[in-house]
Each structure stands twice: as structure tokens, then as C-alpha cells.
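A.B. asks: My structure is below; once you've seen it, I'll send some questions.
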Amino acid sequence: MKKGTRLEPPDGGWGILVCVGMAMPFVSGLAALPSFGLVFGDFLKSIGAETSAIAFITSAFFCAFSFAGLFSGSLFNRFGVRAIGLSGGILYFTGCLMQVFVRSTLDLLIAFSLIQGIGFGLIVPTSYTTFNNYFVKKRVMWMSFAQSLIGLGTMFYPVLMQKFLEWYGFRGCLAVLAAINFHAVLGMLLMQPVEWHMRRVPINEQEMFENTKPSQPVVTDNTQEDPNLLSPLTYSRKSSQKLSRENLRKLSSRSSSIASLGNWSGPVIVSDASPQMVNVLGSRRHSTAISNKSMPTSNNEERNDKQSVWQIIVDFLDLTLMKKPIYVNIVLGISFALYSDIAFFTLQPLYMFHLGYDKPDTASIIAIGAAADLGSRVFLAFLAMFIQMPSRYIYLAGAFFTVISRFVFLTVFDFKNMAIITAVMGFLRTWIHVPLPLVFAEYLPKDRFATGYGLFMFLQGNIMFIIGPAVGYLRDMTQDYVLTFHCLNFFMALCAIPWILEIIFVKFRRRTKIGAISESK
């Protein structure tokens, strides 16, 4: 039988270097905030800054991070993924280099929060988009590999910072840190387009015939919703592999630039969407078809122009997702949980200093927590090979048990027990960070994942920017770390409790519908 070839992503090869390149900036980006108080604590005290300054600086970092991530899609479309990632790496390195010369809180706010925040906000979507392009079949395995590299780096990060402070002093430590963060630029250089490394796979004559057949769009009925379709134009999976990203972008009236780049392999199928999203997609398609039939008249041109501008904004940000209560619950829950986690581990070194721990002991305990985090990543990867569990349940378990472990944390004071409970919280921390993108992937269809995740980044950053300074102000006014940690635990509970209520409500409603259907039969 005659055979030909088709192109597939490598699922390895250069993609391994992409994993390494993704880990380089993520190590410093994710480990910098927990070690922020360790590195800048004495400096901020010397200039008279309190806990509120740390909270405001870290919150502003995530605000800049979220805005950069929100607009990264249009930048990808205009300048290319690798170019934007390289720009983000340069900004990240520049902000770290500027910190060597900081003299005030404003200097630190500009260097760390603004410049580094924007740089990291461009690095993250670049890394995820490139990773998703390179890996399709072995995505979980290689993501676990990349996360293990990140966990390994974050484990040694606080110990190195402590040693650098002892060896080189505050300014010298920041200079060495800037040299380390230059690896963010090298990591982004590894984000080569997947088209450069596609592998050829042999196909038989039947597959060649199906690939050469012209793909005809399926015209949907404007008066009836079809739950089996997720876009106005549906193509076969095999023929969709022949489409270029440019053609796919032209064909899809809904997809944003991030979605088309992150979903290079073509349109989605029904199994890519959760049951809750199928109806909203159908309703959006129905409303779009109706609006296309309504041609604007000359008397209403100005009003239609305003509506079209608003529609562009709605489509670009995918604001219709905010009408879905489950999506809003996911976004709010994860945003509160992430803020609580990051703020907790940022304040933990200061709390330990308050209890009388010296810097070497504090750095050792933080490193123990990071080691437990690394072990949890490996454990979670092996667990996923044998047990299939929804990522949202894993996230919920992490949030729930974190609330319990933090109550225990506030009751221990000696080194041994402090190290044990920090290890437990570090182990649970993986359950909050690693499944995060998978929670959205399981709820959203592929063509809405990127815009839905970008909208989450934007909302998360602004939520952190709002509540972060408030918690820092509470700490400065009360001078009570225990009250502050209880407040952070409350935000973590805002993830666990509403999610549990939602699961109970959805299961009850589903069971009621099944019972009603069975009775009608």
C-alpha cells in the first residue's frame, strides 16, 4: 500500500529543552516571593517600611503580571510568541538588575513589581503556549518533569539566598541574583517554534486520501442549537491538521490569537468541553448567527459601530464566561487560594524572625518546605499514572487540608515541629499550584482555554492587588501575625467551602434530573 507522511509535534526532542527553558525563569519567579522577606527584610526595616510595604509590593507584582498576561495574545499575533517571550525575559532580567541600586520602596516597586512583573507576565503564557505546541500525547509526563525541575530549584533557592547574603552582603546578593535571572533570557531563546522541529509520521493511502479531500464547512441551522458542535465551522480532525494557523485564525470567528496559537492542532471535539460549557457554546453560536443575519441600516450605523467595538472587547476578553457561575466560582476560589498561599509563605520568614529564629534556621525550614513540595510533585505524577481524578478535586483537597495544617502551624514554636508542619504545608502546596491550569482545561473547551485562563490571570492579579495591601495594613495596625494568618486562612477557606457547596448542589440537581427522567419513562 502506498504510504506518505504527515507532520506531528515531537512529543520530546527539542521539547525537552523547552521544558528546561520553562523551568529557568519559573524557579526564580516562583521562589522569589517566599524568599522576598528573607532578602529584603533588613533593607525594608532600615528605611522604615513595615509589613504593608511587602504586601503592597508583592500585590503590585501580580497586578502587572496579570495585565501583561491579558494582552499577551495580541502581542503574540503581532510579533510572534518567541519574540514576546524574549522581551519578557529581558524585562525580567532588567528589573532584577535594577534592584541592585534600589534606595527606597518606590525604587523597589518599579524594579520588582512593575518591570519584573510585566516580564514574568509575558514569560508565563509564552512558556505554556510553546509547551502545549510541542507536547500532545505525553503532556502530563513532561509537565511533571518540568515541574520537578522547578521544585528542585525552589528547594535550594532560599538556602542560596541566605548564603549569598552572608558571603556578599545585601547588594552583592542582588547582583548574583541578577546574574542567575539572566537565565530567563536563555530560557526564552529555547522557545523555538514547533514548526522547526515537527517530525514526519508515515500514513497509509486511506489517510492520504482523507487528508487531500477538501474540508467543507457544516452550515448550522440558525433556529436550532446543535450540542454536538463547538464552533460555527466544524472540520474533521485529520483534515484540520493540514490547516495553517493563519487559515485557522481566519476560519474561526470566535478564537482569540492566544487560542489559535495554543491550539495549533485544529478545532476541538465534544469531549474537550465540560457538559456545562456545551450549552453556553451553542447559545453563543445561535446568537452570533442571528446577529449576522441582522444587517445594519444607515440610520443605525453609529449605534452599531459602538456595539461592534464593545463586541470586539467582549470577544477579545471572552467576557461571556463571567455569566457562568461555575467559572466565576473557579476563578474566585483559585484567586483567593493563590493569594493566601503566596502571602502566607511570604510572611512566614518574618513570623519566624518574630519568634526568635535566626536566618540560617529560617532558611533551612523554608528549604524543607520546598523539598516537600518537590517530593509532592513526584508523588502526584506517579499517582496520576494509576488513579484518574479530576484536577479540581485535587485542588479542593489541597485547599481543605491546607486550612487544617495552618491551624496546627500556629500552635508550634520549636524547630522540629515547625520543620514538620512546614513540610506538610509544602507537600500540600503542590496540590494548589500544579493542577491549576488543568482545572480550567477540564472545564473549558480547547478553543476557549487560553482566553479563559487569560481572563483568570487578569482577575486574579487585581484581586491580589486589592486585598493584599488590606491584609498588610491589618498586620501593621494590630502588630499581630496570628490574626493575619487567620485572615489568610479565611481566604483559603473561600476556595474550599464554595467549591464543596457547588459540588453538592450540582450533584443534587443532576440526581434530581435523572430521577425526573426515569419517572417520566
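A Cβ is built for glycine as well, from the same backbone N, Cα and C atoms used for every other residue.
Annotations in TrEMBL come from automatic prediction, not curation.
Got these off TrEMBL a minute ago, pasting:
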TRANSMEM  12-33  transmembrane segment
DOMAIN    17-513  domain 'Major facilitator superfamily (MFS) profile'
TRANSMEM  53-71  transmembrane segment
TRANSMEM  83-102  transmembrane segment
TRANSMEM  108-128  transmembrane segment
TRANSMEM  140-161  transmembrane segment
TRANSMEM  167-190  transmembrane segment
REGION    210-232  region 'Disordered'
COMPBIAS  212-232  compositional bias 'Polar residues'
TRANSMEM  326-345  transmembrane segment
TRANSMEM  365-386  transmembrane segment
TRANSMEM  393-413  transmembrane segment
TRANSMEM  419-441  transmembrane segment
TRANSMEM  453-475  transmembrane segment
TRANSMEM  481-501  transmembrane segment
A.B. asks: May I ask you to check whether the transmembrane segment (83-102) and the transmembrane segment (140-161) make contact, with contact taken as at least three Cβ pairs under 8 Å and only pairs 6 or more apart in sequence counted?
C.D. replies: no
A.B. asks: For the domain 'Major facilitator superfamily (MFS) profile' (17-513), what's the mean pLDDT in this predicted model?
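C.D. replies: Average per-residue pLDDT within the domain 'Major facilitator superfamily (MFS) profile' (17-513): 74.
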A.B. asks: Given pairs 6 or more apart, does the transmembrane segment (419-441) have at least three Cβ pairs under 8 Å with the transmembrane segment (326-345)?
C.D. replies: yes
A.B. asks: Tell me if the transmembrane segment (481-501) touches the transmembrane segment (393-413). I count contact as 3 or more CB pairs below 8 A, with pairs 6 or more residues apart.
C.D. replies: yes
A.B. asks: Tell me if the transmembrane segment (140-161) touches the transmembrane segment (12-33). I count contact as 3 or more CB pairs below 8 A, with pairs 6 or more residues apart.
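C.D. replies: Touching, yes - the transmembrane segment (12-33) and the transmembrane segment (140-161) meet the threshold of 3 or more Cβ pairs under 8 Å.
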A.B. asks: Let me check one thing: do the transmembrane segment (481-501) and the transmembrane segment (53-71) come into contact, meaning three or more Cβ pairs under 8 Å with sequence separation of at least 6?
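C.D. replies: Taking Cβ pairs at least 6 residues apart, the transmembrane segment (53-71) and the transmembrane segment (481-501) are not in contact, as fewer than 3 fall under 8 Å.
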A.B. asks: Grab the same-chain neighbours of the transmembrane segment (140-161) for me: Cβ-Cβ under 8 Å, and only residues 6 or more beyond its ends, written as numbers and ranges.
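C.D. replies: For the transmembrane segment (140-161), the sequence-distant neighbours (Cβ-Cβ under 8 Å, at least 6 residues beyond its ends) are 11-12, 15-16, 19-20, 22-23, 26-28, 30-32, 34-35, 38-39, 131, 173, 177, 363-364, 366-367, 370-371, 373-374, 377-378, 380-381, 384, 430, 434.
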A.B. asks: With Cβ-Cβ distances below 8 Å as the criterion, list the same-chain residues six or more beyond the ends of the transmembrane segment (365-386) that contact it, or say none.
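C.D. replies: Non-local partners: 31, 34-35, 38, 140-141, 144, 147-148, 151-152, 154-159, 345, 348-349, 352, 357, 394, 415, 418-419, 422-431, 434.
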A.B. asks: State the residues, same chain only, that lie 6 or more residues beyond the ends of the transmembrane segment (53-71) and have a CB under 8 A from a CB inside it; answer 'none' if no residue qualifies.
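C.D. replies: Result: 33, 36-37, 40, 44, 88, 105, 108-109, 112-114, 116-122, 124-125, 317, 342-343, 346-347, 350, 454-455, 457-462, 464-469, 471-473, 475.
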A.B. asks: Sort out for me which stretch, of 108-128, 167-190, 453-475, has the most Cβ pairs below 8 angstroms to the transmembrane segment (326-345).
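C.D. replies: When the Cβ pairs under 8 Å are tallied, 453-475 comes out ahead.
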A.B. asks: Can you tell me which parts of the same chain pack against the transmembrane segment (108-128), counting only residues 6+ beyond its ends and a CB-CB cutoff under 8 A?
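C.D. replies: Distant contacts of the transmembrane segment (108-128): 18, 21-22, 25-26, 29, 40, 56-58, 60-69, 72-73, 75-76, 81-82, 84-85, 87-96, 98-99, 102, 184, 187-188, 191, 258, 262, 437, 450, 454, 457.
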